[in-house]
Amino acid sequence: AAFIGLVWQMKMANLALAAMAPIGAVFTFIALVTGSAWGKPMWGTWWVWDARLTSELVLLFLYVGAIALWHAFDDRRLAGRAAGILVLIGVVNLPIIHYSVEWWNTLHQGSTRMQQSIDPAMRAPLRWAIVGYLLLFMTLSLMRMRNLILMMEKRRPWVSELILKR
């Protein structure tokens, strides 16, 4: 969405970025908190400056930065450009998060995609959980985009008509 918003300057792309960033931040925060809760009994500590954990924390900061940039400007076009540039810079962090367990010696286990070391009884639930989280993310993003559109267009007659019909 950030790339499309910067290159083709589509308003909906910037709106998608503004809608998805808080949801991604919440998902990332939940991953960090639940990971810490799991890490305490497993590793004996709440937090370790492990490569995967640190890069995930950087991702959270990038989300918060994009949200802050979106709200820092009154001009939505300028806000979209500023947040979009930060998001495109932040894309560099994604392969670092993914490959961190292979590049560095970390507490996290390595990739199990090629080795298929996951128990077959867990494979199907894991896949369904991934599909469920993707569907949840898409649903929440679309709902948030709808709300942002309604907030931006609140003075338009069609919004008043829509509210009165409900």
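Quick reminder: no glycine exception, Cβ is built from N, Cα and C everywhere.
If you average pLDDT over the domain 'Cytochrome c assembly protein' (5-108) in this model, you get 84. As annotated by TrEMBL, domain 'Cytochrome c assembly protein' applies to 5-108.
Summarising the annotation, TrEMBL assigns transmembrane segment to 12-33 (among others).
Sequence annotations record features per position, and here TrEMBL assigns transmembrane segment to 53-73 (among others).
The annotation transmembrane segment is assigned in TrEMBL to 85-105 (among others).
For 125-145 (among others), the entry in TrEMBL reads transmembrane segment. Residues of the same chain lying 6 or more positions beyond the ends of the transmembrane segment (125-145) and with a Cβ under 8 Å from any Cβ of it are 12, 15-16, 19-20, 22-24, 27, 118.
Beyond its flanks by at least six residues, the transmembrane segment (12-33) meets 1-2, 4-5, 53, 56-57, 59-60, 63-64, 66-67, 70, 76-77, 79-81, 83-84, 87, 133, 137, 140-142, 144-145, 148-149 of its own chain at Cβ-Cβ distances under 8 Å.
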